[in-house]
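As structure tokens, the structure follows; a few thoughts come after it.
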Amino acid sequence: MSSKGLKPQKSTKRKDTDSSAKFDSLKSKKPKLVSGEQQQHVKPKFGKPKSAGDKEQSTNLSKKERRVQAKELTEARKKKRKPHYNLEQELVSLWEKMRRRNIGKEDRSKLISEAIRKMKGKVPEIAVSHVSSRVLQTCVKFCSQAEKDVLFTELQPQFLNLASNKYAVHFIQKMLDGASKQQLAACISSLRGHVAPLLRHVFGSLVVEHAYHLGSAAQKQELLAELYSTELQLFKGLTTSNEKTVVDIIAKLGLQKGAVNRHMTAIIQPILEKGIVDHTITHKLLIEYLTIADKTSAADVLQLLTGSLLLRMVHTRDGSRLAMLSIKHGSAKERKKIIKAMKEHVKKMAFDQFGSMVLACIFSIVDDTKLVTKIIVRELEATLKDLVMDKNGRRPLLQLLHPNSSRYLSHDDLAALDLSVPSLCSMDKSETSSKTKDTDGNEIGEETKDEQEDTVAEHSDHEENVTAMGGKKDPLVRRQELLVNSGLAERLIDVCVENAEEFLQSKFGNEVMYEVAIGGSDGILCPSLSEKLCELYEAISSVAAEPKPQESEKDSEHILENFHSSRTIRRLVLNRPGFASILFKKALSGKCRSWAQGHCSKILSAFVETEDVQVREMAKTELQVLVNEGTLKISATKKPE
């Protein structure tokens, strides 16, 4: 067939152009590798372009050389950023020499003088650097008074600005430590009108606290006064040293209590919110605030303090009082929160002068004895020996053995335990004026019931904060549960038996030993632990029965001749006939003449002066001879203790 007459047929295949376009769209957008000759140099978006020579030079450098090069670049950047960079480097080199311990005083003095000469006119700028501020601190520590005056002159105009700086604050504290009375007064005057803002600042508060700590009573009052009222902040000299509290100041100046309350609230609230509560001036401010605060404001502040914040305050006099007030006026839930926050911190608190009083307050108030036993008592049991021998550590133990004793607690300590918030205390008295019995047999007030019903409907979480001071349990029952039922008393007696001689001769341990030996106040240990107490009497008598140490043994002293132990044993003879009988039979019978002089004579005279007839008759035969001879002297007016 011929193909001439045939028409050309259309191709049924897809066009190559369509398929090629789709194929190109699926291709990777990453450019293919090309030879070095075909590559074009693209300018970098940032910084100066590197030349080919620089690249070759950097690739040819060793690792050590690259580090040196990077260090040089860093140094160059620091020089541009810091105007006194070279000076700082010079000061650091001098500092490395002057801070050595083996350097002579004259050499150090020369280095310090040179450093101060280099810094002259630039002290405020240098003080804000983390490196050079250390140089300043060392200079202030070892320089002469004339050099301190030079530094202080430069510091004074920039005092407030530097007070809020992270690094300069340490230099300022050193300057305040070495400041004269006039210089300290000038610094405190510079703080006038700025105390409240600085107390809200993390670093500024350190300067205010340091100045408050170093200042006199009048200067402390000056710093505190402007926190009470706007008038006291603006005008100087409105108060004197006679007005020691905010209540006295309000009475003298005729200020409005509500205005003072609002002013103090505005200052205190941000301080508590930021958690800057470590300073004594803040603790004093809070204590003063609670004396004038209304019921709602006082309850709010105490509620904010519950928990970990309170642990940071118990190391000061006013801080520990705030903790006691929080425990007294807090609800059961808040007390539980406070005690749980003390976990693993009880030992440290017990050895602290003021923290130990917080533990004593808990033992006197909190009714949840299971929680107190679990967290506080168990931690105290682990260090009983150290607690007994420590001046502060014995206080919680003595509070359980003999509560609120003026023999062991000072007047200030007893006043702290009796402290309360006036606005919350007045409400407590009105609530307890009419009491009824609830289903558990506990006494509660009718007004308390009404208020509880109202608070549930309106604002229960807030009003729950305000409760009656102290617990509902009988104090004797609470002591029984904490001391005897918990096993603390038994463990304490065992420790006393093991360390009888050491405790008796200790200035502080002998008092705990005495209270344990007599069975505590109200004889709380006697019914259930009488056998254990007899073991203690035997242990003391065994130590007393030991022979006198030889004259060559000057370091050792017999417990009958020791000042502290002889007084303690004498008191036990007068007050515990059972102990007196064991001691006389085991240690003194037939040996009274050899012990009739020195401190031991007071113990022998106690056998004659005791009110117990059996003890007197037991020792009469042997002691009466000594009395008649004049060897043993008995005071005619002396009465049994």
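The backbone N, Cα and C atoms fix where each Cβ goes, and this holds for glycine too.
Note that the coordinates shown come from a computational prediction; the quantities given were computed from them, not determined experimentally.
Annotation source Swiss-Prot lists compositional bias 'Basic and acidic residues' at 14-27 (among others).
As annotated by Swiss-Prot, compositional bias 'Basic and acidic residues' applies to 67-76 (among others).
Taken from Swiss-Prot, the feature compositional bias 'Basic and acidic residues' applies to 428-440 (among others).
Annotation source Swiss-Prot lists compositional bias 'Acidic residues' at 441-455.
As annotated by Swiss-Prot, compositional bias 'Basic and acidic residues' applies to 456-468 (among others).
Per Swiss-Prot, the feature domain 'PUM-HD' maps to 9-404; the stated evidence is sequence analysis.
Marked as region 'Disordered' by Swiss-Prot: 1-82 (among others).
Feature annotation from Swiss-Prot assigns region 'Disordered' to 427-468 (among others).
The repeat 'Pumilio 1' annotation in Swiss-Prot covers 118-153. Residues 82-84, 87-88, 90-92, 94-95, 98-99, 108-109, 112, 161-162, 165-168, 170-171, 174-175, 178-180, 183 of the same chain sit 6 or more residues outside the repeat 'Pumilio 1' (118-153) yet have a Cβ under 8 Å from a Cβ within it.
For the repeat 'Pumilio 2' (154-189), the model's pLDDT averages out at 92. Residues or ranges marked as repeat 'Pumilio 2' in Swiss-Prot: 154-189.
Summarising the annotation, Swiss-Prot assigns repeat 'Pumilio 3' to 190-225. Broken down by DSSP into helix, strand and coil, the repeat 'Pumilio 3' (190-225) contains 27 helix, 0 strand, 9 coil.
Across the repeat 'Pumilio 4' (303-340), DSSP assigns 29 helix, 0 strand, 9 coil. According to Swiss-Prot, the feature repeat 'Pumilio 4' maps to 303-340.
The feature repeat 'Pumilio 5' is assigned by Swiss-Prot to 341-378.
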Mind checking which residues reach the repeat 'Pumilio 2' (154-189)? Cβ under 8 Å, same chain, six or more beyond either end.
120-121, 123-124, 127-130, 133, 136-137, 140-141, 145, 148, 198, 201, 203-204, 206-207, 210-211, 214-215, 219, 222-223
Distant-in-sequence neighbours of the repeat 'Pumilio 4' (303-340), which means Cβ under 8 A and at least six residues beyond its ends
272, 275, 277-278, 280, 283-284, 286-287, 290, 349, 352, 354-355, 357-358, 361-362, 365-368, 371-372, 375-376, 416-417, 419-421, 424, 464-467, 469-470
